[in-house]
Amino acid sequence: MSARLPVLSPPRWPRLLLLSLLLLGAVPGPRRSGAFYLPGLAPVNFCDEEKKSDECKAEIELFVNRLDSVESVLPYEYTAFDFCQASEGKRPSENLGQVLFGERIEPSPYKFTFNKKETCKLVCTKTYHTEKAEDKQKLEFLKKSMLLNYQHHWIVDNMPVTWCYDVEDGQRFCNPGFPIGCYITDKGHAKDACVISSDFHERDTFYIFNHVDIKIYYHVVETGSMGARLVAAKLEPKSFKHTHIDKPDCSGPPMDISNKASGEIKIAYTYSVSFEEDDKIRWASRWDYILESMPHTHIQWFSIMNSLVIVLFLSGMVAMIMLRTLHKDIARYNQMDSTEDAQEEFGWKLVHGDIFRPPRKGMLLSVFLGSGTQILIMTFVTLFFACLGFLSPANRGALMTCAVVLWVLLGTPAGYVAARFYKSFGGEKWKTNVLLTSFLCPGIVFADFFIMNLILWGEGSSAAIPFGTLVAILALWFCISVPLTFIGAYFGFKKNAIEHPVRTNQIPRQIPEQSFYTKPLPGIIMGGILPFGCIFIQLFFILNSIWSHQMYYMFGFLFLVFIILVITCSEATILLCYFHLCAEDYHWQWRSFLTSGFTAVYFLIYAVHYFFSKLQITGTASTILYFGYTMIMVLIFFLFTGTIGFFACFWFVTKIYSVVKVD
C-alpha cells in the first residue's frame with residue numbers, strides 16, 4: 001500500500017524597521033512555523049496509564065471533523081454517514097469562524113491510551129440489507145461519497161491526522177485528510193486512491209477503507225517528570241474484508257462493494273495504533289512536516305518579486321510625474337503672469353475651478369467609501385494579527401472570527417468617512433446616508449449569504465449555518481455595528497466640511513472631446529490590470545485554500561502582497577488621474593474609485609477561469625454555491641480596492657492644487 005501515487009485531487013482557505021522584522025519572522029521558510037504558537041496554545045502532556053495525573057493524561061481522544069470533497073462544495077458532518085459513532089463524549093465548543101466555515105468537530109469511537117499498542121481492534125460492524133429502503137439509502141450515500149472522493153478529517157491533540165505518500169515528482173506529500181474509499185469504473189479505470197494497490201481491480205466496484213494504521217509520534221518533555229507531548233499523527237488507510245468479523249485479523253482481500261451488489265453486506269471497521277518516540281521534532285514546530293509539503297515557497301517568492309517589479313515601475317512613473325513634470329508645471333504656473341501659452345501645454349491647471357465639483361451620485365460614492373474604509377482597516381488588522389501567529393491553522397476558526405468581530409467594531413470609521421465625504425459633496429440627506437452606509441453593502445452580502453445558506457440547508461450540508469448563529473450575526477450587525485455607524489456619522493456630520501485648496505466655479509467648465517485613451521472606460525479597464533498582476537499568484541493559493549481545502553498559512557507573504565496591492569492601486573490611479581486632468585477632464589471622483597475597483601472584475605474573470613480549469617466541481621447546487629460566494633468576495637474586493645484608489649487620488653489632487661497659485 002506504500003506504492004507511489006500520482007497527484008490525487010488536491011487536498012482540502014510602515015513602521016519600517018519593526019514591520020520588516022515582524023514580516024521576516026512571519027514569512028514561512030524552512031522550519032519557521034514555530035511562530036504559530038505565540039498566542040499561548042498550551043501543550044498537553046501525556047503519560048503511561050499507571051503514571052497519569054491531572055497534569056499528565058493517559059487517554060488520547062480522536063476527534064472527527066466534517067467530510068469534504070474537491071468535486072463538491074457541499075461538506076457533510078461525520079454523523080451524516082453510516083460510520084461508527086461515539087457512544088459518549090462531549091462535543092467541543094466551536095467559535096463563530098468555525099461555524100461559518102462549516103467545521104463540525106465531534107468525538108469519535110476511536111480511543112487510545114498513550115504508549116499502548118493496539119492491533120486490528122474492532123470498532124464496530126455495519127450491516128446492510130439491500131432490500132431494505134433505509135439500508136439501501138445509506139449504502140447509496142456511501143457509494144456516492146466514494147465516487148466524489150469525500151475525505152475524512154481526523155484530529156488528535158489539535159493536530160490533523162495526516163496521510164503521507166509519495167507523489168509523481170518524488171516529493172513526500174502529507175494530506176490532512178484521507179478518502180472514505182475509491183471506485184473502479186466499469187471500464188477498469190482506477191479513480192483517485194484506488195491507484196495505491198493492484199488488489200483494487202474489479203470493475204464497477206467500490207472499495208471502502210475500513211481499516212487505518214495509525215502511528216503517533218511523541219517527544220519526551222525535557223524535565224522528565226512531565227511525560228511526553230504529541231508531535232505528529234500519521235495514518236495509512238487500508239481495506240480488508242474480514243473473514244472473522246468478531247475476531248478480525250486484518251488480512252485477506254479488500255472490502256469490495258459491487259455497484260450491483262444485493263443481499264446482506266457487512267462492513268467491519270478496525271484500527272491499529274502504535275507509538276514512536278521522535279526526539280528531533282519539538283512541540284512548537286510539530287506543524288512543519290505538514291506545512292513543508294504544502295505549495296512551494298519559491299512560487300510565493302516569485303509572486304513577491306513579480307509584484308515588486310510592477311510597484312517599482314509604477315513608482316518610477318509616479319515619481320517622474322511628481323518630481324519632474326508637476327514640479328516644472330507648478331514652477332512655470334507660479335512664475336507666469338500671462339498663462340495662455342502655459343495653459344495650452346499644461347492642461348491640468350485649467351480645471352482648478354471644477355476639480356472639487358461634487359460628483360454625480362455622491363450619496364452612493366460616499367456610502368461605498370464608508371464600507372470600503374471598514375473593509376480596508378479590517379483586512380489590515382486581521383492580516384497583521386495573522387502575521388504574529390494569532391490566527392494560525394492551529395487556532396481553528398480564529399481568522400474568520402477576528403474578521404467578523406473587527407468588521408462589527410469598525411462601524412464608527414465607516415459612518416465617519418461616509419458622512420465627511422457626503423457633506424463635502426454638498427449632501428444634506430444625512431439620515432439616508434447613514435442608513436445606506438449601515439445597510440446597503442452589508443445587506444447585499446447578507447442576502448447573498450442567506451440564499452447560499454438556504455441551498456446548503458436544502459442539501460443537508462454541514463456548511464449550513466444554524467438558525468441560532470444567523471440570529472447572532474444579525475444581532476451583531478443591528479445591535480453593535482449599526483449603532484457604531486450612527487456614532488461615526490454623527491461626528492462626521494458635526495465636523496465642518498472638508499476644506500478644498502481652490503474654489504469651485506458656479507458654472508461648470510465644458511470638457512473638450514477626449515481621445516480614446518482618455519475616455520473613462522479604457523482608463524478604468526487599464527487601471528485594474530497592474531494591481532491584479534500583483535495578486536493573481538497569491539489569489540491562486542487563496543482559492544485553493546477555500547475550494548480545494550488546502551491549508552493556508554503563508555500570512556507573511558499575504559501581508560506583503562496586501563501592502564504591495566495598496567501601493568499599486570494608489571499609484572495606478574494617480575497616474576491615470578494625472579493623464580485625465582491634463583486632458584482637462586475633472587470628473588475624477590468616480591473614475592478613481594472605479595479605476596482601482598476594476599481589479600475586482602479581473603478577480604471575477606480569474607475565478608471563472610479557476611472554476612473551469614482547476615476545479616472538478618459537479619452538480620448544480622455546488623456550481624451555484626461557488627459563484628454565489630464568489631460574488632460576495634468580488635463585492636468586498638471592489639469596495640476595498642476602489643476605496644484605496646479614491647483616497648490616493650483625493651490626496652494627489654488636494655496636494656497639487658494646494659501648491660499652485662490660482663487667481
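Every residue gets a Cβ built from N, Cα and C, even glycine.
Positions annotated as signal peptide by Swiss-Prot: 1-28.
The average pLDDT computed over the topological domain 'Lumenal' (29-300) stands at 86. Here Swiss-Prot flags 29-300 (among others) as topological domain 'Lumenal'.
Per Swiss-Prot, topological domain 'Cytoplasmic' is recorded for 322-374 (among others), and the stated evidence type is sequence analysis.
Per Swiss-Prot, topological domain 'Cytoplasmic' is recorded for 420-437 (among others).
Swiss-Prot lists 459-466 (among others) with the feature topological domain 'Lumenal'. DSSP states for the topological domain 'Lumenal' (459-466), grouped as helix (H, G, I), strand (E, B) and coil, give 1 helix, 0 strand, 7 coil.
Residues or ranges marked as topological domain 'Cytoplasmic' by Swiss-Prot on the basis of sequence analysis: 488-522 (among others). Residue counts for the topological domain 'Cytoplasmic' (488-522) under DSSP (helix as H, G, I; strand as E, B; rest coil) come to 13 helix, 0 strand, 22 coil.
According to Swiss-Prot, the topological domain 'Lumenal' annotation covers 544-554 (among others).
Sequence-distant contacts of the topological domain 'Cytoplasmic' (576-591), counting only residues of its own chain at least 6 positions beyond either end whose CB sits under 8 Å from a CB of the stretch, comprise 321, 326, 346-348, 350-351, 354-355, 357, 359-362, 365, 509, 511-512, 514-515, 517-518, 520, 523-524, 526-527, 646, 649, 652-653. What Swiss-Prot lists as topological domain 'Cytoplasmic' is 576-591 (among others), and the listing cites sequence analysis.
In terms of DSSP secondary structure, the topological domain 'Lumenal' (613-631) contains 13 helix, 0 strand, 6 coil. As annotated by Swiss-Prot, topological domain 'Lumenal' applies to 613-631 (among others).
Residues or ranges marked as topological domain 'Cytoplasmic' by Swiss-Prot on the basis of sequence analysis: 653-663 (among others).
Annotated transmembrane segment per Swiss-Prot: 301-321 (among others), in sequence order.
Swiss-Prot lists 375-395 (among others) with the feature transmembrane segment.
Sequence annotations record features per position, and here Swiss-Prot assigns transmembrane segment to 399-419 (among others). Long-range Cβ contacts of the transmembrane segment (399-419) within its own chain (Cβ-Cβ under 8 Å, at least 6 residues beyond either end) map to 95-98, 100-101, 366-367, 369-371, 373-375, 377-379, 381-382, 385-386, 390-391, 430, 433-434, 437-438, 473, 476-477, 480-493.
Here Swiss-Prot flags 438-458 (among others) as transmembrane segment, drawing on sequence analysis.
What Swiss-Prot lists as transmembrane segment is 467-487 (among others).
What Swiss-Prot lists as transmembrane segment is 523-543 (among others).
With pairs at least 6 apart in sequence, the transmembrane segment (438-458) and the transmembrane segment (555-575) have fewer than 3 Cβ pairs within the 8 Å limit; the two do not touch. Long-range neighbours of the topological domain 'Cytoplasmic' (488-522) within the same chain, counting only residues 6 or more positions beyond its ends whose Cβ lies under 8 Å from a Cβ of the stretch, are 350-357, 411-421, 423-424, 430, 433-434, 437, 579-580, 583-587, 591, 594, 654, 657-658, 662.
DSSP labels the residues of the topological domain 'Cytoplasmic' (576-591) in these numbers: 10 helix, 0 strand, 6 coil.
Comparing 301-321, 523-543, 592-612, 632-652 for CB pairs under 8 angstroms to the transmembrane segment (438-458), the maximum falls on 632-652.
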